[in-house]
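Asks: Sharing the features that TrEMBL gives for it:
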| type | residues | note |
| --- | --- | --- |
| DOMAIN | 2-147 | domain 'Phosphotyrosine protein phosphatase I' |
| ACT_SITE | Cys8 | active site, nucleophile |
| ACT_SITE | Arg14 | active site |
| ACT_SITE | Asp123 | active site, proton donor |
Amino acid sequence: MIRVLFVCLGNICRSPMAEAVLKELVNKDRLSSKIKVESAGTGNWHIGDDPHPGTLDILEKHDISTAGLKGRQLQPGDFERFDYIVGMDKNNIADIRSMLGQPVHPKIFRFLDLTHHAKDVPDPYFTGDFTETYELVTEGCTALLQKIKEELVE
């Protein structure tokens, strides 16, 4: 079983969007028995909250399920529970490393480093552009799923 944890600041925009998109791709490829996906935030402001309305709207527009998406905070035990801990931007990565006590570890990486973009995923909470974020998240999830599939074959 491969376990993926997406992490952003508040766990209401980018990371739950990535969680939902990757779950959709995993289900389409019939890999849900081999890949589990969750999300968390580095901050504690939105524990138990639904995703941002903009996140819900863009996912529903693309017929992607939002069932079960609830905000939670990154926990120290997450380092042991997950194979991939994927931050949406460089600040998330710094916070993840600090919170988990892991200055550098290959399982912790920035989301778009798997794509040709190699940049931060802009936070639509501040930019208001949920479409751009969705497009980048979809590209990143596709790249991550390909990486995981290659690992499953090994």
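Every residue, even glycine, has its Cβ placed from backbone N, Cα and C.
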Asks: For the domain 'Phosphotyrosine protein phosphatase I' (2-147), give the DSSP counts of helix residues, strand residues and coil residues.
Replies: 65 helix, 22 strand, 59 coil
Asks: If you measure Cys8 (active site, nucleophile) to Arg14 (active site) at Cα, how many Å is it?
Replies: 6
Asks: Please list, in sequence order, the residues in the chain of Arg14 (active site) that are at least six apart in sequence and whose C-beta is under 8 Å away from its C-beta.
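Replies: Spatial neighbours, sequence-distant, of Arg14 (active site): Phe6, Cys8, Met88, Val121, Asp123, Pro124, Thr133, Val137.
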Asks: Of Cys8, Asp123, the active-site residues given in the record, which has the fewest other CB atoms within 10 A of its CB?
Replies: Asp123
Asks: Can you give me the average pLDDT across the domain 'Phosphotyrosine protein phosphatase I' (2-147), rounded to a whole number?
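Replies: Mean pLDDT for the domain 'Phosphotyrosine protein phosphatase I' (2-147): 97.
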